[in-house]
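S.K.: For reference, Swiss-Prot lists these features for the protein:
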- 1-55: topological domain 'Cytoplasmic' (TOPO_DOM)
- 56-76: transmembrane segment (TRANSMEM)
- 77-88: topological domain 'Extracellular' (TOPO_DOM)
- 89-109: transmembrane segment (TRANSMEM)
- 110-144: topological domain 'Cytoplasmic' (TOPO_DOM)
- 145-165: transmembrane segment (TRANSMEM)
- 166-218: topological domain 'Extracellular' (TOPO_DOM)
- 219-239: transmembrane segment (TRANSMEM)
- 240-275: topological domain 'Cytoplasmic' (TOPO_DOM)
- 276-296: transmembrane segment (TRANSMEM)
- 297-307: topological domain 'Extracellular' (TOPO_DOM)
- 308-328: transmembrane segment (TRANSMEM)
- 329-381: topological domain 'Cytoplasmic' (TOPO_DOM)
- 382-402: transmembrane segment (TRANSMEM)
- 403-406: topological domain 'Extracellular' (TOPO_DOM)
Amino acid sequence: MDIQRFLKFYKVGWKTYRDPLMEASHSSIYYWREQMKAMALFTTTEERLLPYRSKWHTLVYIQMVIFFASMSFGLTESMGDHVQMGRDLAFILGAFFIIFKTYYFCWYGDELDQVISDLDALHPWAQKGPNPVEYQTGKRWYFVMAFFLATSWSFFLCILLLLLITSPMWVHQQNLPFHAAFPFQWHEKSLHPISHAIIYLFQSYFAVYCLTWLLCIEGLSICIYAEITFGIEVLCLELRQIHRHNYGLQELRMETNRLVKLHQKIVEILDRTNDVFHGTLIMQMGVNFSLVSLSVLEAVEARKDPKVVAQFAVLMLLALGHLSMWSYCGDQLSQKSLQISEAAYEAYDPTKGSKDVYRDLCVIIRRGQDPLIMRASPFPSFNLINYSAILNQCYGILTFLLKTLD
């Protein structure tokens with residue numbers, strides 16, 4: 001692992017935060033990708049051609065199969081203990097989510113890389129030259145937001161990993177960070193102390209590696225949609241200030257034509273992004289809903305035990321927090337995209353321009369009336385309205401369980 005390459009995002013982010021006049025040379029998604037490359041788990045054709053990279057990817061996939069199979073086998077030991085089964089199922093769902101994402105981006109790595117390259121090439125979206133629109137404030141805000149997102153996530157991830165790895169030291173019924181079972185009872189400390197130590201180290205290392213990779217891919221995914229949202233904001237700025245240069249008819253026609261193409265490029269990249277993340281968006285919606293339902297079920301069943309209720313309440317909040325983050329990001333994308341038609345309407349000036357200019361503005365107005373959405377068909381789009389519907393559904397499940405058990 002290339003530590004310097006991995007930490008570059010934090011160094012650049014801190015310098016950008018400290019110096020208001022400093023501009024990062026790349027967008028945040030470029031640095032997220034660099035972190036995944038530093039971990040040797042950015043699965044593109046180009047990366048697999050590097051020395052030993054393909055072998056490392058294969059080794060990681062084998063470790064994932066072993067990790068998931070041992071946890072699934074450990075579930076059989078929890079039969080009869082509903083609380084322990086709930087914990088095991090929660091970790092199994094989380095492990096399955098990570099494994100699915102890893103294998104998924106093994107197939108879609110090249111498409112993801114192309115989306116990142118296209119977005120980074122268009123960044124900061126504004127037309128270069130004299131007197132550009134004031135995009136620096138938005139660019140800085142999105143980059144610093146990504147930096148603080150990465151920093152806060154990393155901080156809480158370190159706490160979570162510390163609790164997981166040290167849990168056998170303060171939880172008497174647990175002898176491994178994750179409940180698992182191996183053939184010949186290799187996981188039993190009293191029978192096989194050496195193999196138990198190896199399994200302990202394997203689970204600790206693999207949890208650190210996989211959860212760090214998950215943080216990077218989640219940050220990358222969120223920031224890709226945030227970058228598209230920033231592109232929409234710049235497009236709106238340029239539309240509202242299209243007459244700032246006092247263009248002649250020919251120059252104004254060229255400018256409106258460029259903005260039509262920029263709008264089309266944003267729509268095209270969003271469509272490709274939704275295609276790339278189609279499987280993962282469906283999976284995370286399913287996993288989050290499953291974790292929330294499982295947490296509600298276990299908390300209701302063990303409602304007389306405050307410790308158990310607190311554990312599953314935290315799990316439920318984590319799942320809802322993850323879903324709310326994606327819903328908010330999708331909602332912002334949709335809301336900002338609806339401002340495009342308003343900005344194009346403001347750009348209309350009957351005293352300036354020609355029929356071709358008005359036609360270009362009409363094209364943007366017509367396209368801008370349809371909101372751009374983060375969606376994985378056939379499921380509904382990610383926004384706060386659908387998020388509220390999910391919360392209502394969870395509340396309905398909780399009410400039903402309480403009435404049934406009472």
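In case you wondered, yes, glycine gets a Cβ from its N, Cα and C as well.
Are these features on the surface or tucked inside, and what touches them?
M.R.: Counting same-chain residues at least six beyond the ends of the transmembrane segment (56-76), those with a Cβ under 8 angstroms from any Cβ of the stretch are 40-41, 43, 48, 85, 88-89, 91-92, 95-96, 98-99, 102-103, 106, 178-182, 187, 199, 202-203, 206, 209-210.
Only residues 6 or more beyond the boundaries of the topological domain 'Extracellular' (77-88), in the same chain, are considered here, and those with a CB under 8 A from a CB of the stretch are 71, 179, 181, 294, 297-298, 301-302, 305, 308, 311-312.
Looking just at the topological domain 'Extracellular' (166-218), the mean pLDDT is 87.
For the topological domain 'Extracellular' (297-307), the number of residues in each DSSP class (helix H, G, I; strand E, B; coil) is 7 helix, 0 strand, 4 coil.
Same-chain residues lying 6 or more positions outside the transmembrane segment (308-328) and placing a CB less than 8 Å from one of its CB atoms are 83, 86-87, 90, 222, 281, 284-285, 287-288, 291-292, 294-296, 298-299, 302, 374, 382-384, 386-387, 390-391.
Long-range contacts of the transmembrane segment (382-402) within the same chain: residues 281, 289, 292-293, 296-297, 300, 320, 323-324, 326-331, 334, 373-375, each at least 6 residues beyond the stretch ends and with a Cβ under 8 Å from a Cβ of the stretch.
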S.K.: Would the transmembrane segment (276-296) count as touching the transmembrane segment (89-109), i.e. at least 3 C-beta pairs under 8 angstroms with sequence separation of 6+?
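M.R.: The transmembrane segment (276-296) and the transmembrane segment (89-109): touching, yes.
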